[in-house]
Amino acid sequence: MYRIFPAPKQCTFQQNTISGIRYGAVTTAPEIEASCRDAGFDPAALLAEAFPGGYSPDGITLAAEYVTCPPESFHICISSDGIRITCQDGAGYFYALGVLVQLAAQADGVLPCAEIADEPSLSVRGIMLDIGRDKIPSMETLKGLIDLFASMRINHLQLYMEGFSFDYEDFHYLFTNETPVTPEEFRELSQYARAHFIDLVPNQNVLGHMEKWLEKPQFRSLAECEDGYIFENLFWRPPMTLDVRDSRSFELAETLLGTLMDVSSSGCINVNMDEPFELGMGKNKQAAEKEGRLNLYFEYVEKLHAYCASRGKRMLMWGDEILHHPDCVSRFPKDAILLDWIYEGDAHFEDHARLMQKTGLNYCLCPGTSSWGSLTGRSDNMAKNIRDAASCAIRYGGLGIITTDWGDLGHWQYLSASYPGFAYTAACSWSGPESDSDLTAWFCNRFIYESPAENAFQTAWDLGNYYHLEHAPLYNTTLAFAVMSSKYTYESIEEFDAKMERLLTLSANIAKTNAIPPREPAICIDFAAMKEYLDQVEKEVSEAALACADGELIRREMENGLRMVRHGIHLYYTMTVLRDDPGAFSREMAVLFDDLDDILKVHYTLWSARNRSGGFQRSTAHMNHLLFFYRKMQKANEQATT
């Protein structure tokens with residue numbers, strides 16, 4: 001039985017086969033040839049993969065013919081007369097050759113005679129990788145991801161930037177310890193992505209999430225609240241949002257965006273504009289009270305839109321500010337693209353998608369891989385979230401989906417934790433939300449993990465489902481991660497209790513905002529059941545067949561990710577169950593110290609295998625803080641027992 005991923009719209013296999021060792025004469029319609037040339041795509045590499053014997057004069061003939069059909073679509077006829085591909089553009093030809101590569105990998109020197117017709121369900125099938133929070137992948141890693149995404153027919157990629165993740169020459173002196181993507185590297189990546197029919201869209205936050213800029217004395221005066229602010233009446237945060245009425249704020253935004261535009265071949269740019277928490281709370285408080293906070297926001301949006309248009313770029317931005325005020329949605333520029341994010345499987349995109357369709361907006365829906373804030377993922381949540389996004393985008397006229405892969409609070413998760421989410425994005429955005437999960441697992445096992453036993457995908461999936469055993473009403477995170485993270489730091493058991501209360505309050509707010517039915521605000525973890533589950537997953541990791549080039553690296557990522565999960569659960573157990581037993585508490589603090597110290601050593605090695613060095617110390621600062629906390633609590637409880 002032959003399989004093709006993503007699942008084609010129409011496919012008929014016949015009983016007979018043809019020799020698939022070598023290809024012969026290749027003819028390409030001028031229109032398709034021109035499209036390939038414009039993208040920089042050379043079919044030779046894919047032909048070599050599809051036909052391991054290479055070229056031979058008497059090999060299988062292949063003809064790529066031009067027809068009028070939807071963009072990126074293709075039709076393949078494999079028969080004794082040769083292979084005939086019809087399409088209208090280079091992308092369709094690229095994807096058709098990818099099908100031949102998949103079929104060749106399943107056959108022993110033969111190809112099945114077949115008729116295959118396919119086209120995407122959504123025109124934008126995207127991934128947004130966070131390189132703005134501490135972890136910036138190496139060029140080798142980024143190119144490898146582009147190869148992977150192209151093989152899954154992902155056609156849109158963004159590298160989310162905040163802080164100094166891009167080497168802005170004018171400001172390099174402010175961030176000398178960073179290892180950002182250079183202009184030359186971004187230009188190279190843009191060309192590489194284009195040759196794989198992926199639009200690498202530049203991305204830079206220029207309103208909220210500007211804390212790394214605003215912490216510098218040179219930019220502090222651009223903050224809306226220079227002394228910081230109280231977030232949701234829960235805790236103090238440093239300044240994050242620019243003063244939209246200060247002309248220097250817009251000048252900075254122009255500089256950042258313009259520099260990225262100069263090295264990008266994309267016709268789009270994402271200016272983000274999400275979560276301007278302090279807007280109208282500080283310097284512009286009177287203006288917000290008089291004119292309305294949203295008017296301040298739109299004033300800045302319109303200036304950015306005009307600038308992007310003057311540079312010939314289509315503006316993308318987040319919709320959280322706008323969609324919370326449905327009566328103002330019509331003010332959004334009609335030629336721009338609004339991005340709507342929801343990351344919980346129990347929340348739904350439908351209301352927003354229906355509103356944006358009714359208002360005539362161009363939009364994409366943005367689910368998540370659920371890898372961040374979880375250490376190893378939240379597999380079931382991810383699948384439900386992505387399927388809902390694809391379903392709503394298709395039903396309500398969305399351009400597509402862009403799945404986010406964030407790096408909140410240190411970006412501790414490993415890249416391989418996101419592979420299932422990447423594959424689900426490809427399946428649901430191309431074939432539709434009812435795409436076969438078994439087919440996704442097959443593709444990952446065959447072409448990502450290269451798992452002869454076909455068990456690696458299930459291992460990764462199970463590794464990301466431990467959160468069910470936590471029985472914790474938390475959103476956008478897991479208990480194992482949350483107790484270790486820098487969100488609401490603690491120096492005592494009392495402060496730990498306060499942290500947990502804040503986490504429950506924050507999650508209740510997330511549930512309310514996303515119309516998720518409320519849950520009992522209590523954590524009811526069954527430690528024995530959790531241990532049994534993690535023991536089983538550990539066995540799966542040890543037995544996972546991983547024959548891909550980075551197979552052992554993936555295994556080590558799984559092992560250390562699992563160890564971090566165990567550590568978080570162990571920490572929670574110690575802080576809650578053992579708190580009244582000074583002797584046991586002290587002993588476990590010593591165990592936690594040794595365990596986290598070992599985790600950190602391995603973590604550095606794994607980080608270095610895929611990523612640049614800049615950001616590692618900042619990322620792991622709170623892990624080191626925990627080490628100090630463990631020693632302090634150990635000594636305090638030892639003294640209490642003497």
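From the backbone N, Cα and C atoms, a Cβ is placed for every residue, glycine too.
In TrEMBL, annotation is done automatically, which means it is predicted and not curated.
Residues annotated as domain 'Beta-hexosaminidase bacterial type N-terminal' in TrEMBL: 2-118.
For 125-367, the entry in TrEMBL reads domain 'Glycoside hydrolase family 20 catalytic'. Mean pLDDT of the predicted structure over the domain 'Glycoside hydrolase family 20 catalytic' (125-367): 97.
Every protein chain shown contributes to the tally, and the Cβ of Glu275 (active site, proton donor) ends up with 16 other Cβ atoms within 10 Å. According to TrEMBL, the feature active site, proton donor maps to Glu275.
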Counting each residue once, how many in the domain 'Beta-hexosaminidase bacterial type N-terminal' (2-118) are helix, strand and coil under DSSP?
34 helix, 45 strand, 38 coil
